[in-house]
2 protein chains.
Amino acid sequence: MKKAMVVFSGGQDSTTCLFWAKKHFDDVIAISFDYGQRHRDELDCAKAIANDLNVEHKIIDASILGQLTENALTRDSIDIEEGESYPTTFVEGRNHMFLLMAAIVGKQLDAKHLVTGVSEADYSGYPDCRDNFIKSMNVTMNLSMDENFVIHTPLMFLSKSEVWKLSDELDALDYVRENTLTCYEGVIADGCGQCPACELRQNGLNEYLAEKEGVFIEQ
Amino acid sequence: MKKAMVVFSGGQDSTTCLFWAKKHFDDVIAISFDYGQRHRDELDCAKAIANDLNVEHKIIDASILGQLTENALTRDSIDIEEGESYPTTFVEGRNHMFLLMAAIVGKQLDAKHLVTGVSEADYSGYPDCRDNFIKSMNVTMNLSMDENFVIHTPLMFLSKSEVWKLSDELDALDYVRENTLTCYEGVIADGCGQCPACELRQNGLNEYLAEKEGVFIEQ
């Protein structure tokens, strides 16, 4: 009985990972982090997808991330007012933290396979999305918890077009296209069409569909 | 200008580390985590010591740890009521998490030296207190944040008696003895004298003092 926990945001990549995990493991749990995302819709979207796929879904309040930003650190962190919104500034080490939380929860739920949709290709180049970090983290978390976690990164070396191809192979292309949220403006499915995230997603999709139909697109 | 961040609980070990760091670095910051400790006195104690030593002190609300325990996971974690107290159950990977938070904060404050009082000797044997975890974590955090953190563990191979000796060498034995909190019952300084933590502390002190005076104690 192989059980996996998928780090899950409700976006294209992690949703593709969720389909991938459902194919490769006997039991799959999704874990999401609530840390003051740009759009609360992201979490609603994640909930809806987990529900559609009949996957158990844990949502962790990760507002701790907001506390660790420089803004928050300029005052006494412990004095942040209840209900005050946390800054959503990017926090270095964020994926590192998410993976660690997933491992801590995974250990308790007997899910030793951890799946994350991070990728070295096409992306922003955050160091904690790179393969060398993931490998090192796998060793470190096993040492820290006396466990044999295996971190799976099915998208690590895939371009956006190849991620679409993978979802197609998993018979999930249409579902992913229609139900995931990537857009900076919070528009589900094909999004606003204008922001960099939409552009990346749409270009990848066009490239894959053209390739599938045997059409050559000049890059 | 070498700046260090000390993971600081207000107990004997981390207070000894704080004195050690003040000796070895130009600037020292202490960081504590509020996660529903057995005794709130622990944090008050930490605050008082940081104040005495004129050290900047960050306190991070780490109630996230409570959410990651099995108790919390049996319900929807996000629905935990405000004000509801978190279970204080031990969380595997806790030191791992504290070290990562210290690194994230340390990076923003330009403190690349991280000091922690974990030890392999005399202790409970938590895997994330061992030297092999610390070394691996050092590499992992550097990869995840593109940084050159150095983790220092001045107590790693010291017995309790040797920790007292170190505090004596740092001219801090009396201060540590009178101002730190180790006791499970929350009694400061020499404590209740009955609990396992007090026993360990007292035995170490007796051993060191006897050795200092040239008295041989049969083990």
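Each Cβ is built from the backbone N, Cα and C atoms, and glycine gets one as well.
TrEMBL annotations: computationally assigned, not manually curated.
As written in TrEMBL, here are the features:
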| type | residues | note |
| --- | --- | --- |
| BINDING | A:Phe8, A:Ser9, A:Gly10, A:Gly11, A:Gln12, A:Asp13, A:Ser14, A:Thr15, A:Thr16, A:Cys17, A:Leu18 | ATP binding site |
| BINDING | A:Cys183, A:Cys192, A:Cys195, A:Cys198 | Zn(2+) binding site |
Inter-residue C-alpha distance, A:Thr16 (ATP binding site) and A:Cys198 (Zn(2+) binding site) (nearest angstrom): 17
Cα-to-Cα gap, A:Cys183 (Zn(2+) binding site) vs A:Leu18 (ATP binding site), nearest whole Å: 19
Non-site residues, in chain order, whose CB comes within 8 A of the mean position of the CB atoms of A:Phe8, A:Ser9, A:Gly10, A:Gly11, A:Gln12, A:Asp13, A:Ser14, A:Thr15, A:Thr16, A:Cys17, A:Leu18 at ATP: A:Val6, A:Ala46, A:Ile49, A:Gly117, A:Thr180
Among A:Cys183, A:Cys192, A:Cys195, A:Cys198 [binding-site residues], residue with fewest other Cβ within 10 Å: A:Cys192
Inter-residue C-alpha distance, A:Cys198 (Zn(2+) binding site) and A:Phe8 (ATP binding site) (nearest angstrom): 19
Environment of A:Cys183, A:Cys192, A:Cys195, A:Cys198, the listed Zn(2+) site - residues of the same chain whose CB lies within 8 A of the CB centroid: A:Thr182, A:Tyr184, A:Glu185, A:Val187, A:Gly191, A:Gly193, A:Gln194, A:Pro196, A:Ala197, A:Glu199
Collapsed DSSP category at A:Cys195 (Zn(2+) binding site): coil
Alpha-carbon spacing, A:Cys192 (Zn(2+) binding site) to A:Phe8 (ATP binding site), which is rounded to whole Å: 22
List of residues, in chain order, with Cβ under 8 A from that of A:Gly10 (ATP binding site) and at least 6 apart: A:Ser32, A:Glu42, A:Leu43, A:Asp44, A:Cys45, A:Ala46, A:Lys47, A:Ala48, A:Ile49, A:Thr180, A:Leu181
Spatially closest candidate among A:Phe8, A:Gln12, A:Ser14, A:Leu18, the listed binding-site residues, to A:Cys195 (Zn(2+) binding site) (Cα to Cα): A:Gln12
